[in-house]
Structure formats: C-alpha cells, structure tokens
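Shown below is the structure under consideration.
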Amino acid sequence: MPGAGSRGPSAGDGRLRLARLALVLLGWVSASAPSSSVPSSSTSPAAFLASGSAQPPPAERCPAACECSEAARTVKCVNRNLLEVPADLPPYVRNLFLTGNQMTVLPAGAFARQPPLADLEALNLSGNHLKEVCAGAFEHLPGLRRLDLSHNPLTNLSAFAFAGSNASVSAPSPLEELILNHIVPPEDQRQNGSFEGMVAFEGMVAAALRSGLALRGLTRLELASNHFLFLPRDLLAQLPSLRYLDLRNNSLVSLTYASFRNLTHLESLHLEDNALKVLHNSTLAEWHGLAHVKVFLDNNPWVCDCYMADMVAWLKETEVVPDKARLTCAFPEKMRNRGLLDLNSSDLDCDAVLPQSLQTSYVFLGIVLALIGAIFLLVLYLNRKGIKKWMHNIRDACRDHMEGYHYRYEINADPRLTNLSSNSDV
C-alpha cells in the first residue's frame, strides 16, 4: 500500500537518529565516569547519574581564625584574640602557632581531639596572657617535641603541667625542648610581696621541672629573663639528658645551691647578664668534671678581692669558658674594668683579708665569750651578800695569820725574848 510504503522510510530514519543519540549519550557518560566504574548493560539509569556526579573528598577544615597550610602541615592562629584553643584543628598539623591571643587558662586536656593531634611536634603559645597551666594540659599530644610558653605571666604552673597521668617510668613526656623565657608575673601579681613572691615563683618552676621522670628526655631548657635570685636546690636533678641550658638575663647572685654534677651531656650553659660576683670552688669543680660543657659568663659584676683568687687561677687554666678574655672587674672601684685574666695575688689584697670561715668563727667566739661574761656577772650580783660575808671571813683569817707571823718574827728577832719563850715552853 502506498500509505504504508511512504511511512516506512521516515520511520526508519527516526529510529536511526534515536540510535545515534543514544550512542552519543553513552560515550559522554563513559568519558565522565572513572574507568573502573563503567556500567554494564544491566546498570540502572540512577547508577549512571551517581557515577557521573562523583567528586573528590573535601579538604580538612581550617579554624575560621587561623591560617592553614596542609603542604607545610602548619596552622597559625596569631593575634586573633582567641580565648581558648580552637576545637576544629586539622589532624595533619605538625607546627601550631597560638601566639598573641587572650587565653588566660590552659585546662587539663586542652588539646584532646578526635582524631587526636598525633603528629603535632612544635607548639608555640608565647605572648598570650596565660596565668595558669593545669596538670595534664599537654597530655594528649604524644608527639610533642618542642613547647614554647614564653612571655606569659604564669602565677600557677602545676607541678604536673608537663606530666599528666602518663608521666611514669614507662611513658615519660616526649618533650625535648622547653622554652620558658620571661614567664615571671609582674611584681603586683606575685604572692606574698616581692622577695617572698620570687622565692615562691622559683619553687613553682622547680616543682614543674622535677615532677617524677616526665622530663628525663629534655635536651634544651630556656629560663632567661625570669628575675631568678637563686637556683632552687635540685632544680636540674631530673634532667639528665640536658644539653643546652639558658639562664641569661636573670638576677642570680650565687650558684651555691645549684648542682650540675648529673648533667653529664651538658654542652652549653649561658649565665650572661646576671649578678654573679664570684664562683666558689665547688661549682668550678663540677664544671671541670663535665666533659663537653662550655660556660658563658659575660656581663656579670665580678668583685675582684681575695675571694676571687681561686676563680682567677681556674680561669687561667681552663678552656671551659670561651668568653673568659672579656670578663672584667666591677668592684672595687680601683679595679674597675680590669680583666680577670690580668690579675695576680698582689692585686687581690689577700694578705689583708681573713677567710670568710675564719671571720665567722671569730665572731661566734666573741659572742660566746660575751655571753659567758654576762652570766658570770649575773651570778656575782645575785650572790653579793654571801660573797661579801665570805670575803670578810677571808680577811679575818688573813689578819689572824699575819698577826701570828708578826709575833713570831718579833720573838725571833730579840734573843732575850727567844730565851724567855724557850723557858716558858719548858
């Protein structure tokens, strides 16, 4: 039939165009989908749509107040007035800067996260307003190697701030470098006034450094610019791995109570810009016993009197002090700016000065003698009547004895009285 014949070719052309369109669509879907997810003939259209709209996983989030670099594994939250540690820190962070913010307290578990910040190695918290660091504040940072708390006015540093519950023989702190420069609070914020407050502050820092075995792996410790007057006893007793110790720009007047004997790995000891006047033999002997140490002593007010003689002799022989040629006298006035290495015994007036121990002995002896004299006078005063009677008896006895002696002398001197006395005796 003509009608049927006329419809046949047009219908065939339509089917051909549909087939070509289907092939084009199949090619586009195959090109946009991953090679491993090419659909089979039995795949549904929904699967085609899902495979075509697949996207790569989103990048780790960065806290809004911070700058993050995943390539450098660094997060910087600097001068953002943060009041606490951001909660959404990315787990890849290795170097974290939280400086110049407004955090006043660092509570226990301040860095506890899920997943944990296991790769964090360097943490800088300097320049905040931290006043309190609680026990276990860094407990959930198993990879932490370097911690900087400088320029924070710490009034309460827990004895377990660097330890936490994991500070034991089997699990000491991983810290290798601890920076505590200028953490002393202002004078008006110290407890019990200025001097007592400084003593309490020194004890607080010492307690945190010697808490158990937490810091036995510490190799670098910086305590500069903290106004220390003395180093607390046993401050360094639990730090056997220490290689670098910075105590410059304090107010140290003596190292009498400090012991460096167990710091067998110590390489650098910085004591510049303190108030040291002389170093005693016990300290010099400890330094001499440390195989690799170098001690820096510049800018101290050395007093060049007889007490300096042993130190001068030691300086002339030792190689422990690299800057010894720059050490000069500050007192007395006539010795000002004289180099310590240029001094000899005649310059130090040793003949006119007694050893301090001998001076102390003489003072003590004088006090004892004065006390004995006072007690003796008090006893005499209380027994004055009896003493007066006793003295009268002695006087009478002496008088009788002298009268008898005088009588015998007169008889012996006159022969007539002698014969008379003999006849009388007969």
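Positions of Cβ are set from backbone N, Cα and C atoms, glycine also.
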Among Asn156, Asn281, find the residue to which Swiss-Prot assigns the annotation N-linked glycosylation site.
Asn281
So Cys62 is in a disulfide according to Swiss-Prot. Which of these is its partner: Cys68, Cys77?
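That record, Swiss-Prot, gives the partner as Cys68.
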Looking at Asn124, Asn192, Asn419, which residue has the N-linked glycosylation site feature per Swiss-Prot?
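Asn124, according to Swiss-Prot.
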Choosing among Cys329, Cys350, Cys398, which residue does Swiss-Prot name as bonded to Cys306 by a disulfide?
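Within the candidate set Cys329, Cys350, Cys398, Swiss-Prot assigns the bond with Cys306 to Cys350.
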Sort the disulfide-bonded residues Cys62, Cys68, Cys77, Cys306, Cys350 by C-alpha distance from Cys329 (disulfide bond) and give me just the closest.
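Nearest by Cα distance to Cys329 (disulfide bond): Cys306.
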Based on DSSP, tally up the residues of the repeat 'LRR 2' (116-139) by helix, strand and coil.
0 helix, 5 strand, 19 coil
What residues elsewhere in the chain lie close to the repeat 'LRR 5' (215-238), defined as a C-beta under 8 angstroms and at least 6 residues from its ends?
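Sequence-distant neighbours of the repeat 'LRR 5' (215-238): 150, 162, 172-184, 198-199, 201-203, 205-206, 209, 244-260, 262-263, 265, 270.
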Should Cys62 (disulfide bond) be counted as helix, strand, or coil on the basis of DSSP?
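Assignment for Cys62 (disulfide bond) reads coil.
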Could you give the mean pLDDT over the repeat 'LRR 5' (215-238), rounded to a whole number?
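Across the residues of the repeat 'LRR 5' (215-238) the model's pLDDT averages 93 on the 0 to 100 scale.
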